Amino acid sequence: MWYYEKKLQYPVKVTECNPRLAKYLVEQYGGADGELSAALRYLNQRYTIPDKVIGLLTDIGTEEFAHLEMIATMIYKLTKDATPEQMKEAGLGAHYANHDHALYYNNAAGDPWTATYIAAKGDPIADLYEDIAAEEKARATYQWIINMSDDPCLNDSLKFLREREIIHSQRFREAVEILKFERDRKQIF
Amino acid sequence: MSEAQKVNRYELMEKIQMVDFALVDLTLYLDTHPQDSQAIQQFNQLAVESRDLKHVYEQHFGPLRQYGASFSGYPWNWKDTPWPWQL
């Protein structure tokens, strides 16, 4: 089971109301390489991955939910004081018409989240390479968003998340090596 | 309590976030390096530090953790604001 903790993994501050930035950021909320996809991808793969890497998938999957909460906090803070007019100007008119200021799991283009964003092949190496690719794509997305953002407070939190993608990718690469080592060891004896 | 003694909520939370971040990072590291005894020692030290910091925080600002991992005050104060995105 999971225990909720009443704290963010890393502080999230925003300089000012900025719904346009929120529109881009939602890519990491309900997008293909976003935090929801990441959490569900890893936790779902745990059941068929070799025992040696179940712990890693559990822990990274859990950390992704903490990142999801940080992204939600960013979107919430960037939009909570926006008027309908400001939402419209930011390209969030369609979102406002359907959801008011509520958050929703869709990507920056407005497409709703779908399970097709998640791969589960059952082959440990294929699944781990999928995870490495997902982390690298998420890292790149954070970089593109940072490139478009002029909010120094927000960028500080985004840089933290970008760095985490690098660590996760690194750990998944180590997991691949662990499985390869195990496979070769079994062939020798 | 005088002003000087007043615990700054944000400062204390940030300290907890720092220690807990190190614990998250060490957890992932140890998942792939289970025999690094120095890292395990560091993990256990930080676990104590985290527990102590949270104890101080919870005495001032209410429970941090769910389902019995933290004690409750009277009346039940788990559900009190601020939630993390409101802080």
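Note that Cβ sites are derived from N, Cα and C of the backbone, with glycine treated the same way.
Bear in mind that TrEMBL entries carry predicted annotations, made automatically and left uncurated.
The Mn(2+) binding site feature in TrEMBL is assigned to A:E35, A:E64, A:H67, A:E135, A:H168. Of all Cβ atoms in the shown protein chains, 23 besides its own fall within 10 Å of the Cβ of A:E135 (Mn(2+) binding site).
Among the features that TrEMBL reports, Ca(2+) binding site is placed at A:D59. When Cβ atoms from all protein chains are considered, those within 10 Å of A:D59 (Ca(2+) binding site) total 18, not counting its own.
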Would you mind listing, in sequence order, the residues at least six apart from A:E35 (Mn(2+) binding site) in the same chain with a Cβ closer than 8 Å to its Cβ?
-> A:Q28, A:Y29, A:E64, A:F65, A:H67, A:L68, A:I71, A:A138
Cβ-based proximity (under 8 Å) of the binding-site residues A:E35, A:D59, A:H67, A:E135 to chain B, or none | A:D59
Applying the rule Cβ within 8 Å of the centroid of the Cβ atoms of A:E35, A:E64, A:H67, A:E135, A:H168, what extra residues of the same chain belong around the Mn(2+) site?
-> A:A38, A:A39, A:I60, A:E63, A:A138, A:L161, A:R164, A:E165
Rounded distance in angstrom between the Cα atoms of A:E135 (Mn(2+) binding site) and A:D59 (Ca(2+) binding site) = 15
What's the CA to CA span in angstrom from A:H168 (Mn(2+) binding site) over to A:D59 (Ca(2+) binding site)?
-> 10
